[in-house]
Amino acid sequence: MNVLVINCGSSSLKYQLIDMDTENALATGLVERIGLEGANLTQKSEGKDKYEIVEPMKDHQDAIRLVLGALIDEKHGVIKSLDEINAIGHRVVHGGEKYAESALVTEEVMKDLEECAKLAPLHNPANIIGINACKALMPNVPMVVVFDTAFHQTMPEKAFVYALPYELYEKEHIRKYGFHGTSHKYVSAKIAEAMGKNIEDLKIITCHLGNGASIAAIKNGKCVDTTMGFTPLEGLVMGTRCGNIDPAVVTYLIDELGYTSQEVNTLMNKKSGIFGVSGVSSDFRDVEAAADKGSKEAQIALDLFRNSVKKYIGAYIAEMNGCDVIVFTAGVGENSIIERGAICRDLEFLGIELDEERNNIRAKVAEISKEGSRIKLFVVPTNEELMIAQDTVSIVSK
């Protein structure tokens with residue numbers, strides 16, 4: 001069975017065609033600048049040259065038409081006919097409170113997605129456009145939506161309700177939702193498998209540390225808390241996002257410094273975090289290099305990030321009344337020996353003991369804790385596309 005996984009952004013589209021018999025990606029591609037000058041598609045597949053197309057694409061339907069063409073291209077394609085695509089899985093950022101798991105695309109589901117669009121105005125509209133484009137081009141192929149928020153719907157009220165008037169939650173659905181759920185779900189299942197344990201017997205802290213970053217507390221296979229909130233802005237210090245901040249800073253920026261609400265939104269989402277504090281970059285490698293050369297701001301930025309991760313690890317150990325394993329995943333979590341080392345330093349009193357030699361690895365499933373460490377430490381590469389494909393197979397097979 002072949003599943004096409006699609007992740008639509010406002011002017012971009014990522015895709016993978018996955019053979020679910022082997023769970024290998026037959027092709028991986030990216031379409032950029034949809035609706036803009038210089039629109040292009042790049043596709044990679046094993047044993048074939050990289051395929052690049054520069055061609056005008058007025059909308060996502062044009063983009064998906066090109067994707068389908070690339071997949072069956074005589075020279076660069078990986079399948080002979082579109083009939084070999086058995087299902088399509090769409091990443092959707094926000095499923096609101098209604099969806100605690102993935103769902104088959106129906107008229108009712110599409111209406112719900114439209115309603116959730118106000119909760120994720122930067123993402124859900126693009127996701128919806130992608131689904132409609134696929135429906136127009138491949139009307140007979142079953143489609144599934146996989147939500148970033150779904151995995152976190154098991155959180156209890158004490159974790160997701162904000163201490164605002166309760167009617168704002170009841171009427172306006174203002175609450176913590178959490179994001180990166182597909183990644184947290186994937187790596188928590190993978191670590192249970194790697195340890196040879198039943199996930200229902202484990203207390204797991206998953207650290208998805210990339211340009212966007214979040215941590216989840218997973219007890220007996222269910223998420224009980226996570227760092228991102230009503231939007232992906234809450235929680236950790238991130239590449240360009242500020243993370244937790246006194247909400248009164250927002251009103252101060254508007255009332256005293258003359259910012260508009262949109263300017264504050266842009267400031268906190270795109271100009272803050274590691275990038276804003278360091279003044280260098282949102283790329284940890286660049287900021288680490290600047291800190292090594294004596295940049296005070298770069299060092300402060302790194303310290304803020306590391307401290308925010310440490311604080312949540314401590315909090316989640318308390319919240320779950322213990323922890324069996326901490327998992328590092330995503331770009332920084334999988335690849336940064338420096339950041340993992342700095343985060344785990346001085347946590348021995350909690351039973352967290354990093355092995356410096358074992359930590360000298362990148363992007364593979366590996367234990368990095370010392371023998372005898374009470375809380376195990378692991379690196380587990382995430383694979384959100386495979387998780388989406390697995391959910392898609394599970395739903396269409398029902």
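Residue numbers in this text run from 1 along the chain shown.
Cβ coordinates are placed from backbone N, Cα and C, and glycine is handled just like the others.
Under the heading Mg(2+) binding site, Swiss-Prot lists Asn7, Glu384. Residues annotated as ATP binding site in Swiss-Prot: Lys14, His208, Leu209, Gly210, Asn211, Gly212, Asp283, Phe284, Arg285, Gly331, Val332, Gly333, Glu334, Asn335. Residues annotated as substrate binding site in Swiss-Prot, with sequence analysis given as evidence: Arg91. If you look up Swiss-Prot, you'll see Asp148 marked as active site, proton donor/acceptor, on the strength of sequence analysis. The site 'Transition state stabilizer' annotation in Swiss-Prot covers His180, Arg241.
In sequence order, Gly212, Pro232, Leu233, Met268, Asn269, Lys270, Ser272, Gly273 make up the list of same-chain residues 6 or more apart from Arg241 (site 'Transition state stabilizer') whose Cβ falls under 8 Å from its Cβ. Among the listed binding-site residues, namely Asn7, Asn211, the Cβ with the most fellow Cβ atoms inside 10 Å is that of Asn7. Taking the Cα of Arg91 (substrate binding site) as the reference point, the closest of the binding-site residues Asn7, Lys14, Arg285 is Asn7. For His180 (site 'Transition state stabilizer'), the nearest neighbour among the listed binding-site residues (Asp283, Arg285, Glu334, Glu384), judged by C-alpha distance, is Glu384. Across the structure, Glu384 (Mg(2+) binding site) and Asp148 (active site, proton donor/acceptor) place their CA atoms 10 angstrom apart.
For the pair formed by Arg285 (ATP binding site) and Asn7 (Mg(2+) binding site), distance between Cα atoms is given as 27 Å, rounded to the nearest Å. Here the CA atom of Asn7 (Mg(2+) binding site) lies 17 Å from the CA atom of Asn211 (ATP binding site). Separation of the C-alpha atoms of Leu209 (ATP binding site) and Asp148 (active site, proton donor/acceptor): 16 Å, rounded to the nearest whole number.
A C-beta separation below 8 Å, combined with a sequence spacing of at least six in one chain, links Asp283 (ATP binding site) to Gly239. Cα-Cα distances to Asn7 (Mg(2+) binding site) place Lys14 within 10 Å, out of the recorded positions Lys14, Asp148, Val332, Glu334. Sequence-distant contacts of Val332 (ATP binding site), defined as residues of its own chain at least six apart whose C-beta falls under 8 angstroms from its C-beta, comprise Leu209, Gly210, Ala213, Phe284, Glu339. Local packing around the binding-site residues Lys14, Arg91, Arg285 was summarised as the count of other Cβ atoms within 10 Å of each Cβ; on this measure the leading residue is Arg91.
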